[in-house]
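Student: Sharing a structure, written as structure tokens. Questions coming.
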Amino acid sequence: MFTLGVCMSFQIYILGIIIAICGNFLISISLNIQKYTHIRQSQRGTRPYYTSRLWWCGILLMGLGEMGNFAAYGFAPASLIAPLGCVSVIGNAIISVVFLKETLRASDVLGGALALTGTYLLVTFAPHSAPHVTANMVERCLISWQFLIYFVVLFCLLLYLYKCRNVKHIVIVMLLVALLASVTVISVKAVSGMLTETVRGSHLQLTYPVFYIMFIVMVASCAFQIKFLNEAMKMFDATEIVPINYVFFTASAVVAGILFYEEFYGLSIIYIIMFVLGCLLAFTGVFLIARSRPKIKMDRVFISMGQIPGKTSTDKVQPETKDSKYGTLASKFVCNSGVQDDS
């Protein structure tokens, strides 16, 4: 019976990894579909991008990818699912080179190799099991001193520096985003985990008020996360924000998994060291891939995807992410996937 239980637990863990990888890959496909739509609509000079059916297909894929990530938190530790966001960065780089004909740089190849190596180490040495998320467990963890110090004290300090002392440094802003992102991860795993427990039939979790509290926290933290990220996009360049956001988000998600869900409890030192090494390799790979990319060669894009005759190319193929009419949507994409939607 014990062997059977361990085998089932491992299968659930692998299922969570597969769902997360597929979800992040769908997000990278979505971003490139939307990017191509911006290029096409700008080339035609007709209706806005959001009137295109192809753009809405990209949005649908984005939703499916995010649903996959949401479901994955119910099967695998949060400290593993969050770093797997680098899959969307790798997928975005590959798709943009193959289909959008962007230039393949040496840093892209090196970054992809490092990110893949880091992903392998993360999957191999991450905690292979996590406690079942129940309403009683979430209630207990919410009032734990570790979580209260981590979130309440740190958040109040950062908010004081940002609002009262007017410290607008990119690190302060992105730490605020990352801290809110860690609360989003905690609440997403709580909601997903309680839904998973309910579906399994082990115990009905939807009758507990904490389930609905965590759902509200999930929506609110995501909304404020987008707000602060949007402010960062107005003050700083996207090529700075993308890698910093991914690093800070992943680190905060890992810390949240350790403090809130005790996911590293009982893990050996060598496993922790190799997991940290995997994170560092993934961080370095994402930084190399996400750094400033050359402009897309418009003529090559339309030759391969169906060139529109009689139109001239243009450099500005989509609104800047810091544009007020486009900022919220772009921030949502960067917030969730850590991928830059370049023009």
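Even glycines carry a Cβ here, placed using N, Cα and C.
TrEMBL labels come from automatic prediction, so no person has curated them.
Positions annotated as transmembrane segment by TrEMBL: 12-33, 54-75, 81-100, 109-130, 142-162, 169-190, 210-229, 241-261, 267-290.
How about a rundown of where these features are and what they're close to?
Tutor: Remote same-chain partners of the transmembrane segment (12-33), defined as residues 6 or more beyond its termini with a Cβ less than 8 Å from a stretch Cβ, comprise 54-55, 57-62, 64-69, 71-76, 80-81, 84-85, 87-92, 95-96, 99-100, 123, 128-129, 333, 336-337, 339, 341.
Counting same-chain residues at least six beyond the ends of the transmembrane segment (81-100), those with a Cβ under 8 angstroms from any Cβ of the stretch are 16-17, 20-21, 24-25, 27-29, 31-32, 35-36, 39, 65, 69, 72-73, 108, 111-112, 115-116, 118-119, 122-123, 185, 246, 249-250, 253-254, 257, 278-279, 282, 285-286, 289-290, 296, 301, 304-305, 337-339, 342.
Within the chain carrying the transmembrane segment (267-290), a Cβ under 8 angstroms from the stretch's Cβ atoms is held by residues 79, 83, 86, 89-90, 92-93, 107-108, 110-122, 124-127, 239, 242-243, 246-247, 250-251, 254, 338-340, all 6 or more beyond its ends.
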Student: Give residue numbers and ranges for long-range contacts of the transmembrane segment (54-75): same chain, 6 or more residues beyond its ends, CB-CB under 8 A.
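Tutor: For the transmembrane segment (54-75), the list is 12-13, 15-17, 19-20, 22-27, 29-31, 33-34, 36-37, 40, 81, 84, 88, 133, 185, 188-189, 192-193, 195-196, 333, 336-337.
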Student: So which of 142-162, 210-229, 241-261 has the most C-beta pairs under 8 Å when paired with the transmembrane segment (169-190)?
Tutor: 241-261
